[in-house]
Amino acid sequence: MAEHLASIFGTEKDRVNCPFYFKIGACRHGDRCSRLHTKPSISPTLLLSNMYQRPDMITPGVENQGNPIDPRKIQEHFEEFYEDLFEELSKYGEIESLNICDNLADHMVGNVYVQFREEEHAANALRNLSGRFYSGRPIIVDFSPVTDFREATCRQYEENTCNRGGYCNFMHLKTISRELRRQLFGRYRRRRSHSQSRSRSPPKHRGSHEERSHGGRGHIRRYGDRDHYHESRSKRHRSTSPGHRRGRSRSPGGKRNRSPVREGSEERRAKIEQWNREREQENANRVDNDAANNNNENGNNGYAKNDDKYYGHQQQQE
């Protein structure tokens, strides 16, 4: 039962709570609505009721004196109000979105919805805006249950196909120019990018003392960016690869061969066997020469010293 009530909460099937108030934060029936308007105790969204006053409030496109108004002047008047309000609300916290209704119905005309990034910012704005005035009119502000404006806006209005006009029960949101939006909301993007760049530590330079002392291995990774890390890692592997560490192939004399031509496996085995034979021959000749020199110096005539014991012709005779 509880799961069923939770699934239909705020929908047309909910016979207790008003779905329009839940989606839009306003209901055309007001206090006379047969369903409940449950106001949230805390929310990231604030509703400033009937705050925006259009210059053509009585008749769309016509002034109060009855003269027609240029649509460009109406847009300029709206953007001046939007910028002024944004600057004031941004003092209390980071603004996620600021939406102003273009509806003409009494319960939605001039409604302003401001959604902050944090609920604490919205609560701070509510405390500071309560009891204040704007253009000689009191500011009526309260928490709003609206958090998803995609469900609250009229999609037909966005496609210029809404036949209900300004008396539609869904939001008809006025838009601002791209330049003004970039000017107002771009500051938050710049702040985030600046804070992220400051949080990242500077990249390590090649050939630093720490890298040389550790041989390029096991050192602390100071790169905040993964691309820099993979780049440094690939450079380190290239610098410590066997070809780079040992250099070119060497000849038996210890000199480097200038030609980088790689020999076959059979040729290398033949050369290794030849080197081993030459080395064994050199070692045997060296041992014979050392033994002959020792015998001549000591005058033992066939005796050789090995680990403080003497072996020679006498022991063979015994």
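Along the chain as shown, the residues are counted starting at 1.
The backbone N, Cα and C atoms fix where each Cβ goes, and this holds for glycine too.
Annotated by TrEMBL as zinc finger, the relevant range among 64-91, 148-175 is 148-175.
Helix, strand and coil counts under DSSP for the zinc finger (148-175) come to 11 helix, 3 strand, 14 coil. Mapped onto DSSP classes, the zinc finger (12-40) shows 9 helix, 2 strand, 18 coil.
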